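Here is what Swiss-Prot records for this protein:
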REGION    1-24  region 'Disordered'
MOD_RES   T2  N-acetylthreonine
REGION    267-400  region 'Interaction with tubulin'
REPEAT    270-303  repeat 'TPR 1'
REPEAT    319-352  repeat 'TPR 2'
REPEAT    353-386  repeat 'TPR 3'
REGION    423-458  region 'Disordered'
CROSSLNK  K441  SUMO1 cross-link
Amino acid sequence: MTAEEMKAAESGAQSAPLPLEGVDISPKQDEGVLKVIKREGTGTETPMIGDRVFVHYTGWLLDGTKFDSSLDRKDKFSFDLGKGEVIKAWDIAVATMKVGELCRITCKPEYAYGSAGSPPKIPPNATLVFEVELFEFKGEDLTDDEDGGIIRRIRTRGEGYARPNDGAIVEVALEGYYKDRLFDQRELRFEVGEGESLDLPCGLEKAIQRMEKGEHSILYLKPSYAFGNAGKEKFQIPPYAELKYEVHLKSFEKAKESWEMSSEEKLEQSAIVKERGTVYFKEGKYKQALLQYKKIVSWLEYESSFSSEEVQKAQALRLASHLNLAMCHLKLQAFSAAVESCNKALELDSNNEKGLFRRGEAHLAVNDFDLARADFQKVLQLYPSNKAAKAQLAVCQQRIRKQIAREKKLYANMFERLAEEENKAKAEVAAGDHPMDTEMKDERNDVAGSQSQVETEA
């Protein structure tokens, strides 16, 4: 029976008391949730905790009174399974359904609206009956932009509400799959942010930071959150590959948050992290280095309790971090971000040689030649012996000359075409066969003929 057939069958038919029947699917086996399958679904998969599910439903009281129906609204109802967005009976029952399945669910009050009811349609302590049809379900998108790059499906819910933060020590068991081929199977203990050194994709670390202790989840990673356009030769993963991971977060120890650290701790940790970032940078692990330098900025940027001596140390670390961030962004070809990091560095030291030079490089990379030239000229004004700036300024000048030459040629061709068209039009007018001239002659003949006709008729 389809959703439309359900609606047709229900119209006026549910007037007699409804029977209590079905298989007990309540966790306590207390007959709190009874289920009868009216039409089998397809496939073998059922929704998991956190999945977005899409259903049509109709609800009745036990006396047959209908109190709600998504069919009447002609709009499917959706919710996140297992998140407490609906009554308990629904979270329990829909988790057992397959796509296309139609079932009847009978819910005791403690699995529905309890002693409070849901006025005015549902009285206190009401047993409810629903018919539910499952159309679709999909995993939870964990990306900031909701671009579908990291999809999570929770096999087993974790405990509590705490989650690993950046720098937390996590203990995980994982399996990585590429097209059903198991390519990675390990138990690891590592610091969040260090995953790249263990050949873990960035999307996996990002997902781990959304997990709870004891959680077992399936993760689907798009290429930009997996091994990207480089692939991973060690695992025989080609470029632009989509991956699947099964991850069990066994335990974790949270790192101290910024607000939990003293000013002295922040400076000590920043110095350690700076060295770690430098090691990653030298190894060509620019994303890893980026994470380290970002930590320093987050710890020090808004700290107001430093002593006068600590302020100088903090400023030096912040300046170095912004400059190093700019260098990482340049290596990763994130040129706008590189400019932003240079600007932050130049706010701390307006004549900083590296800040001006790296900003010039970022401008040059995106063909902002005038801005790049200004930065390189400023470097040479302040530091005349900077050979790299001289070389880059020469590149700028050369590209600006080429750009001017291209524009001159473009405009010359444009003006030449316009002149040719103008001369051609003049020649056609002189010959009397210009389209506009012909049209005007036709119009004059039409007008003359009309006038003659009017005069004759008059």
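Note: Cβ is positioned from N, Cα and C throughout, glycine not excepted.
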Summarise the model's confidence over the repeat 'TPR 3' (353-386) as a mean pLDDT value. 96
Within the same chain, the residues 6 or more beyond the ends of the repeat 'TPR 1' (270-303) and with Cβ under 8 Å of it are 166-167, 193-194, 196-197, 202, 258, 261, 263, 314, 317-318, 320-322, 324-325, 327-329, 331-332
Counted with DSSP (H/G/I as helix, E/B as strand, rest coil), the repeat 'TPR 3' (353-386) has 27 helix, 0 strand, 7 coil
In the repeat 'TPR 2' (319-352), how many residues does DSSP assign to helix, to strand and to coil? 27 helix, 0 strand, 7 coil
How many helix, strand and coil residues does the repeat 'TPR 1' (270-303) contain under DSSP? 28 helix, 0 strand, 6 coil
